[in-house]
């Protein structure tokens, strides 16, 4: 734990000039306000720094927009991308009128999820380990006007460039679904990924590995260690910030969109998770795959509430272009040991109880990690409290099941609209505990429907011209 006094000493010792205060909006984008170093004192870590919240997506109107950012001293790191010495600090949001934590602040909701876990007596720590995939592109252009709509992405690694005159074209472009794990020269991003990883470490993220991913066109992944729920979400936001800015330094652009390329694998964010109490792991036992009853019930909660969960963990229309058969995506709601075709996988981790965990493979990195982790924890707790058994495991390759067998396995919603409908009909597991408020859930659903689902419904799609122009 870092104290406010230690942060203030760091500012003095490192001759920090600016303090960059970062917080997350409802959809999941980091926002920031930068202040001169002398504007921060010990009260900033309790009372906060005032700002106007009227323009923050999903928050307040202009008539009640005053809010305060409360600095978390445990999140301070020197920003490697700023010209002047700048200290970055992540904040949570308070209501200045009441001094209460703001119930639409995602980081506040994440803390309430931990408090809820403790209050149940089931555990005191929830560990999460997200694995967020992304694409590195050389060019990304898109536009939508009254009479046109298009997108165009390109990558030096794109298989579609095999016949392009690149003066000269040196080939070695990964075939579709064959980007995992060829060495250089097929893998052109080794040095960039290493710089990303080391920069993350300098920002306080406990790094592990980096590698190319399955898809052509520059799909990659960096790995960092699992952490407690809030710190894991903090690290994920730092991960995305570092990756995007290092790529920009190389003249490249990064997207965490689940499906930016047609015909190849999409990008997910598999989430490893477990519950501990008094420093001891609780998911190891003598049941299937070496799990405890608690772990199985947790899985039962995840699977029962999965359609509703996806309204939060897969919160974009693009999310459901990834969740389709044929691209190694977890479209079937089942669990299995080591089987990556199941939506919940129990990694093969030997007999060490500390390594026993589950991996929910549906989420993607368009999600707000604080909300996604909190929602998954609530679903798991509901499973434990109500002893929801997940049924029999599915240890066969789901992709090879016959249509008759597959029809018996529940599947993920086919669209964001259907996932939001499931969330509308099944969110008591989120609200009865007080972790999420009814106000938040209804605001979330309305925001997603009005600003995303309905906006796409209004606009012609380029492929519709291919299908229907000559009608």
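Keep in mind that glycine also has a Cβ here, set from the backbone N, Cα and C atoms.
The domain 'GS beta-grasp' annotation in Swiss-Prot covers 14-99 and rests on sequence analysis. Look at Swiss-Prot and you will find 106-471 tagged as domain 'GS catalytic'. Residues or ranges marked as Mg(2+) 1 binding site in Swiss-Prot: 131, 270, 359. The Mg(2+) 2 binding site annotation in Swiss-Prot covers 133, 213, 221 and is backed by similarity to another entry. What Swiss-Prot lists as ATP binding site is 208, 272, 273, 274, 340, 345, 354. Swiss-Prot lists 265, 266, 322, 328, 340, 361 with the feature L-glutamate binding site, giving similarity to another entry as the kind of evidence. The annotation O-AMP-tyrosine is assigned in Swiss-Prot to 399 on the grounds of similarity to another entry.
Residue environment of residue 213 (Mg(2+) 2 binding site) contains 19 other Cβ atoms, counted within 10 Å of its Cβ in all protein chains.
For the recorded site, residue 340 (ATP binding site), the DSSP three-state label reads coil.
Between the binding-site residues 131, 208, 221, 328, the minimum number of other C-beta atoms within 10 Å of a residue's C-beta occurs at 208.
Closest in space to residue 265 (L-glutamate binding site), of the binding-site residues given as 133, 208, 221, 272, 274, is 133, taking the CA atom of each residue. Around the Cβ of residue 272 (ATP binding site), 19 further Cβ atoms fall within 10 Å across all displayed protein chains. Taking the C-alpha positions, the distance from residue 340 (ATP binding site) to residue 266 (L-glutamate binding site) comes to 15 Å. Rounded to the nearest whole angstrom, the C-alpha distance between residue 270 (Mg(2+) 1 binding site) and residue 208 (ATP binding site) is 16. Listed in chain order, the extra residues whose Cβ falls within 8 Å of the Cβ center of the Mg(2+) 2 site residues 133, 213, 221 are 131, 132, 134, 211, 212, 214, 219, 220, 267.
Residues 265, 266, 322, 328, 340, 361 make up the record's L-glutamate site, and a Cβ search at 8 Å around their centroid adds 214, 268, 327, 329, 330 from the same chain. The residues of the domain 'GS beta-grasp' (14-99), classed with DSSP into helix (H, G, I), strand (E, B) and coil, number 13 helix, 35 strand, 38 coil.
If you draw a 10 Å sphere around the CB of residue 399 (O-AMP-tyrosine), it holds 15 other CB atoms from the protein chains shown.
Max Cα-Cα distance over the annotated L-glutamate binders (265, 266, 322, 328, 340, 361) is 15 Å.
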